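*Asks:* The feature domain 'Hcy-binding' is assigned by TrEMBL to 8-302. Marked as Zn(2+) binding site by TrEMBL: Cys205, Cys287, Cys288.
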Amino acid sequence: MAPAGAKKGILERLESGEVVVGDGGFLITLEKRGYVKAGLWTPEVVVEHPDAVGQLHMEFLRAGANVMQTFTFSASEEKLESKWKDVNAAACDLAREVADKGDALVAGGICQTAIYKQDADEARVKRLFRLQVEVFARKNVDFLIAEYFEHAEEAVWAVEVLKESGKPVAATMCIGPEGDKNDVTPGECAVKLVKAGASIVGVNCRFGPGISLKTMKLMKEGLQAAGLKAHLMVQSLGFHTPDCGKGGFVDLPEYPFGLEPRTATRWDIQKYAREAYNLGVRYIGGCCGFEPYHIRAIAEELAPERGFWPPASDKHGIWGSGLNMHTKPWIRARARREYWENLLPASGRPFCPSLSKPDS
């Protein structure tokens, strides 16, 4: 048990049946705001513009997030060379500063490497992971996440390194129902991650809410068939991607600068949250395209289970109830759940196709 006055840890929360709401996307959001350069997507912004990162953390906290994940995606020595250590340390400090303003935990995150795709050198890959984990350990993050892995083998290596820290480990793959790049099925991926030592497994990024939940179902079934137990975690895109191929949204012609027409509505995300919960997932958040209002939608949908509303709901009427004050009667008529649940939003683009053909 946690000492009096201390926050409950991630596993304590999940084992008690609590819903943990993750945070949302940083890369695409901060690129839109002018702080991150598309391409390598490296997070120097935590050093160059810490206020921008802190503000986004704060918005996610107000929206209901229980976890502040360090903005350390692609922050390895491989990608950032001499700047990697300062970036990782600054990212931890920013996440902790905001987490301590609420009942949130700090998660140190690592992701896949380019080295693995070049020669799959286990020792070199693990060395990169260990360097980041050393910073996370020094900064005393609450738990660790291995995220955005296309290959189960590399994800297993990441989990093995993270377990050396003695902290709880979560692991998520950026895969769809077809499995990883080597055709390892989602169920098999989940089994491998749990056997490597992950207590929390799931998927993040690359695919939208519907596809991500299909993959989670396959992961859950794989674990059940193997007689293994783990907490389930999903952090999908905030974009709809029904036309994606195996590689996910990075293969769509709209990636990364024309994705806005695919943005999920807050009502889409409430549906995602409810379906994830009904599937047995208790760690629910988002990745690229997930804005603070999307996280608020998760927190509002699951407020009955959590027992409270997020601070950001003070300015938001559930299911559009705030529209009751509108001067136009046809807009007042939209202040009800049935209207927004059954809405089929238009794209506003008369000659656009409804779906795209992936480039790969």
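Cβ coordinates are placed from backbone N, Cα and C, and glycine is handled just like the others.
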*Asks:* Excluding Cys205, Cys287, Cys288, please set out which residues of the same chain place their CB within 8 Å of the center of the CB atoms of the Zn(2+) site, keeping sequence order.
*Replies:* Gly25, Leu27, Ile28, Tyr148, Cys174, Asn204, Arg206, Gln235, Ser236, Leu237, Gly238, Gly286, Gly289, Phe290
*Asks:* Counting Cβ atoms within 10 Å across all protein chains shown, which of the binding-site residues Cys205, Cys287, Cys288 comes out on top?
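*Replies:* When each Cβ's neighbours within 10 Å are tallied, Cys287 leads.
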*Asks:* Mean pLDDT, the domain 'Hcy-binding' (8-302)?
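*Replies:* On average, pLDDT over the domain 'Hcy-binding' (8-302) sits at 97.
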